[in-house]
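Peer 1: What follows is a structure written as structure tokens; I'll ask about it next.
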Amino acid sequence: MALLHHVSQLRAFLRKFALPFKFFFVLHLASEWTGIVSPTAGPSMLPTLTVSGDIIYTSKRYARGNGIEFGDIIEFKHPMEPGVGVVKRVMGLPGDFVREDGGVGSGDRMIQVPEGHCWLLGDNEDASRDSRTYGPLPMALIRGKVTAKIWPPSSMEWIKSTLQRPEEDL
């Protein structure tokens, strides 16, 4: 008789928590397959993203550089610090010539972005460790493209690049 009582209590417990469990399970699967929700930290992407407090959505559709374009903001695995996620802006794609000290166009020493790599800069260049520090980033390290700022509610927005590729000098 006591066993039946325990089984009945277990069923009631499972019924009570089944819906929240299913919700979080589906949310987990969706994030594993479609995107990443993560907080921002650090001043390197000011003013686009705040030092702390912004939560962004990164679409995995663009993982490994698939469909990445000049000016996109991407999230990637840091090439020198395993396990650390970083957010920067794409300022050079394979074959592009970039200034080694940052930016695109004329300047000091120019380098060509190798095949399978991209050149990244933070929007706040004075406070950013980016491709000027660690060189071109292998596309295999790209986790996805940042497509939305989802927190705080007052700052919710789709993130789209307004940058245009500079004209090449002929």
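Numbering starts at 1 and runs along the chain as displayed.
Any Cβ shown, glycine's included, is placed from N, Cα and C.
Pasting the feature list from TrEMBL:
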| type | residues | note |
| --- | --- | --- |
| ACT_SITE | SER44 | active site |
| ACT_SITE | LYS88 | active site |
| DOMAIN | 40-99 | domain 'Peptidase S26' |
| DOMAIN | 112-151 | domain 'Peptidase S26' |
Peer 1: In sequence order, which residues at least six apart in the same chain have a CB under 8 Å from the CB of SER44 (active site)?
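Peer 2: For SER44 (active site), the qualifying residues are VAL87, LYS88, GLY122, ASP123, ASN124, ALA127, SER128, ARG129, ASP130.
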Peer 1: Determine the Cβ neighbour count for LYS88 (active site): the number of other Cβ atoms within 10 Å of its Cβ.
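Peer 2: I count 24 other Cβ atoms within 10 Å of it.
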Peer 1: Could you give the number of helix, strand and coil residues in the domain 'Peptidase S26' (40-99) as assigned by DSSP?
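Peer 2: Once the DSSP states are binned, the domain 'Peptidase S26' (40-99) shows 6 helix, 26 strand, 28 coil.
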Peer 1: Can you give me the average pLDDT across the domain 'Peptidase S26' (112-151), rounded to a whole number?
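Peer 2: Per the prediction, mean pLDDT sits at 96 for the domain 'Peptidase S26' (112-151).
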Peer 1: For the domain 'Peptidase S26' (112-151), give the DSSP counts of helix residues, strand residues and coil residues.
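Peer 2: Tallying H, G and I as helix, E and B as strand, the rest coil: 10 helix, 18 strand, 12 coil.
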